[in-house]
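To start, the structure under review is shown below, and the notes come after it.
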Amino acid sequence: EMLISVALGQVLSLLICGIGLTSKYLSEDFHANTPVFQSFLNYILLFLVYTTTLAVRQGEENLLAILRRRWWKYMILGLIDLEANYLVVKAYQYTTLTSIQLLDCFVIPVVILLSWFFLLIRYKAVHFIGIVVCILGMGCMVGADVLVGRHQGAGENKLVGDLLVLGGATLYGISNVWEEYIIRTLSRVEFLGMIGLFGAFFSGIQLAIMEHKELLKVPWDWQIGLLYVGFSACMFGLYSFMPVVIKKTSATSVNLSLLTADLYSLFCGLFLFHYKFSGLYLLSFFTILIGLVLYSSTSTYIAQDPRVYKQFRNPSGPVVDLPTTAQVEPSVTYTSLGQETEEEPHVRVA
């Protein structure tokens, strides 16, 4: 199971590699700087697949029933998810690639802290050792970039760019932990359907205000159309598959796995963009994988009985006291949490 968890995370990294490569071709070869439009395409796909699925459901899992109970929460989550993507992409105009790679790791402590306080997740010493090893591997990759003189980016206003990266990483962390909470207590389809609904709404507004002129400058042809299709397919696959991996592992594990995405992009760039190679890249890759194996070798646990999560589903209803005849095990792994959630029957109203 440990190897499967690591492999699933690498699938997500490969999808991010595809996102990065198509974005690079669009911005550098065709001068199509349209990050909001690209996000808009992804949210539209999520809307067409998952929001419409919620719309045809009956009972408490219906789209209107969900909106009545939790619309404002998903509205905030949709804004957070949209702006997280926008801030990091925008940072490339101001700061260097090295700074972005380093500061983007800030998402890891954000996820750890939020998981500790809000999801009640507790870590062991081996988890922190694995996290440190992964970050060391990332530092090794940045050092290799400096040694080979890889293109570092614009760096016109470094402070602004660094602040944008930190802001984007913080929003990513909030979004990932919120996503983990939703898919463990509610459902994957509900999360993706609501993200598609509010993401499409807010990105459409932002596109009309901020990016409509850039969109008119795009020299449309079949190559650009194919790149947009490729980007949207990778982005849709990432959003659809990430909840599956988070439920099997955790938001922290997923973000550690995504550290290898830059290395996959680099390996592709060796052939596509003639990047210079350094043995430190291979050292970095295997160091991150070792850190992932260390982190995945031991299960994290929940500080309380996972049944307390169920009280959040219907906060207006009565709180039922748990039976005290049997002693509750305080250390409950994710597998147990998933089973408790799945065993709760779904009530459908005809």
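Placed from the backbone N, Cα and C atoms, the Cβ positions cover glycine too.
Just so you know, TrEMBL annotations are computer predictions that nobody has curated.
Noted in TrEMBL for the protein shown:
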type	residues	note
TRANSMEM	40-59	transmembrane segment
TRANSMEM	100-121	transmembrane segment
TRANSMEM	128-147	transmembrane segment
TRANSMEM	159-179	transmembrane segment
TRANSMEM	191-210	transmembrane segment
TRANSMEM	222-242	transmembrane segment
TRANSMEM	254-275	transmembrane segment
TRANSMEM	281-303	transmembrane segment
Contact set of the transmembrane segment (128-147) with the rest of its chain, CB cutoff 8 A exclusive, min separation 6+ beyond the ends, reads 97-98, 101-102, 105, 108, 112, 252, 256, 259, 262-263, 266, 278, 280-281, 283-288, 290-297
#### Entry: Two-stretch contact, the transmembrane segment (40-59) and the transmembrane segment (159-179), at least three Cβ pairs under 8 Å
no
In the same chain, residues at least 6 away from the ends of the transmembrane segment (222-242) whose Cβ sits under 8 Å of its Cβ atoms read 11-12, 15-16, 18-19, 22-23, 25-26, 30, 32, 38-39, 41-42, 45-46, 49, 179, 192, 195, 254
